Amino acid sequence: MKIFEAYTIKNMCLKNRIVMPPMCMYSSDNTGNINDFHLVHYTTRSIGGVGFIIVEATGITPNGRISDKDLGIWSEKHAEGLSFLVKEVKKYGSKIAIQLNHSGRKYEGTSGEPVAPSALAFDENSKTPKELTKNEIKEIILAFKAAAKRAEKAGFDAIEIHGAHGYLINQFLSPLSNFRDDEYGGSTENRTRFLKEVLEAVREVWPKEKPILLRVSAEDYRGGSGITPNEMVNIINIVKDLIDVVDVSSGGVAPAHINLYPGYQVKLSEVIKNECNVPTIAVGLICDINMVEEILSNNRADLVALGRELLRNPYFVLSSARLKNINIDFPKPYERAFN
């Protein structure tokens, strides 16, 4: 089965095609440091056989977190704690990345004010953010760069830049949240400029042999007034030379009705993969091994991320291998349960 085939991106060889996507656990404290929960949470999925684990959205600045309970990577102390997590996860054969994020106008903590490309609140219950100056934009780009350097120091196999779900990069990309009239607003090319400059800065410090992933929301679900899959194709083509994989999600930049069903975002991965000729990760209420195999076998994505399913069942990969009589290496202490 394709699900159990290895997959190589640059120097990173994954033992299977299953990804644990970044999911905020809101389990840190105001320091942004990892704790015992994070160690158990991620290491358990590695023991369970997941090929690629992406650590949750991690703030590049204190007010770049989504909440005060999110992880941070704005200090050297954060890198030290993350380094221990990386070592533990790698012991069991998984590769590990970290998602670098700035929440922008969606920041709900107490370590500063929310900022955004334009002074427009997410909804009527949200704070109105401060519009970023050009100098402040440059400072955030440098913060992404510094965070990437710390991620390398911590030993991560890859990094993912968070450009989805209505956070700062997504806010620049979408015409629903970006009303600037300078070089960072207006046309698709201008709205992509911030993302491009972030990626260029990160490329300067991130090892060339290690992958850079980009997570995007390929559909705003606002009847064409926001980002559509076709515009996301254009955005990806602008930055394609700076990334190695596109992690394709959707929604989050503005309130919208989304019709949810198993695999509802897979079609977006398929569009990006085929139109941009880049490897993709598919995600979106995928919880069945046969669905995973269909996605991979029909070339709709190169990797498949299971969010809720891996929260429910950390041993999805092991139990699926047993179900399908696939011979894989089971963790020694657990062999009797699966052989």
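Any Cβ shown, glycine's included, is placed from N, Cα and C.
Feature annotation from Swiss-Prot assigns FMN binding site to Pro21, Pro22, Met23, Cys24, Ala57, Gln99, Arg215, Gly307, Arg308; the stated evidence is sequence analysis. DSSP classifies Arg215 (FMN binding site) as strand under the three-state reduction. Counted within 10 Å of its Cβ, the other Cβ atoms near Arg215 (FMN binding site) come to 27, all protein chains included.
Under the heading substrate binding site, Swiss-Prot lists Tyr26, His162, Gly163, Ala164, His165, citing sequence analysis as support. Cβ neighbour count for Tyr26 (substrate binding site): 13 (other Cβ atoms within 10 Å of its Cβ, all protein chains included).
Here the binding-site residues are Met23, Ala57, Ala164, and the one whose Cβ sees the fewest other Cβ atoms within 10 Å is Met23. Of the candidate binding-site residues, Ala57, Arg215, Arg308, the one lying closest to Tyr26 (substrate binding site) when CA atoms are compared is Ala57.
Take the binding-site residues Pro21, Gly163: by the count of other Cβ atoms within 10 Å of each Cβ, the lowest one is Pro21. Highest Cβ count within 10 Å among the binding-site residues His162, His165, Arg308: His162.
Taken residue by residue with DSSP, Arg308 (FMN binding site) is part of a helix.
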